[in-house]
């Protein structure tokens, strides 16, 4: 369904980011100790009409595995 394609970079969900749903850049820096996070084009295969211009998050130079002890990294 749509959830598999939905990401912290999806334009339609970007306004919903915040404490519980970090932006791509914040997610990568905090959860992976990465230099930065960037969004790249990733057309939705499951939900193209609900997620036009879909994007996914990519962490640049991640130094650690995801910090699962931090609740804001779980999503």
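Quick reminder: no glycine exception, Cβ is built from N, Cα and C everywhere.
With a cut-off of 8 Å between CB atoms and residues at least 6 apart in sequence, the same chain places 44, 46, 47, 50, 51 near residue 2 (disulfide bond), listed in sequence order. Marked as disulfide bond by Swiss-Prot: 2-9 (among others).
Annotation comment: Swiss-Prot describes 24-28 (among others) as disulfide bond. DSSP gives residue 24 (disulfide bond) a helix state.
The disulfide bond annotation in Swiss-Prot covers 31-73 (among others). Sequence-distant contacts of residue 73 (disulfide bond), defined as residues of its own chain at least six apart whose C-beta falls under 8 angstroms from its C-beta, comprise 22, 27, 30, 31, 66, 67.
Residue environment of residue 39 (disulfide bond) contains 19 other Cβ atoms, counted within 10 Å of its Cβ in all protein chains. The disulfide bond annotation in Swiss-Prot covers 39-47 (among others).
Taken from Swiss-Prot, the feature disulfide bond covers 57-59 (among others). Residue 59 (disulfide bond) falls within a strand when secondary structure is assigned with DSSP.
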> If you measure C-alpha to C-alpha, which of 9, 24, 28, 39 (disulfide-bonded residues) come within 10 angstroms of residue 59 (disulfide bond)?
Replying inline: 24, 28, 39
> What subset of the disulfide-bonded residues 9, 39, 57 lies within 10 angstroms of residue 28 (disulfide bond), using C-alpha positions?
Replying inline: 57
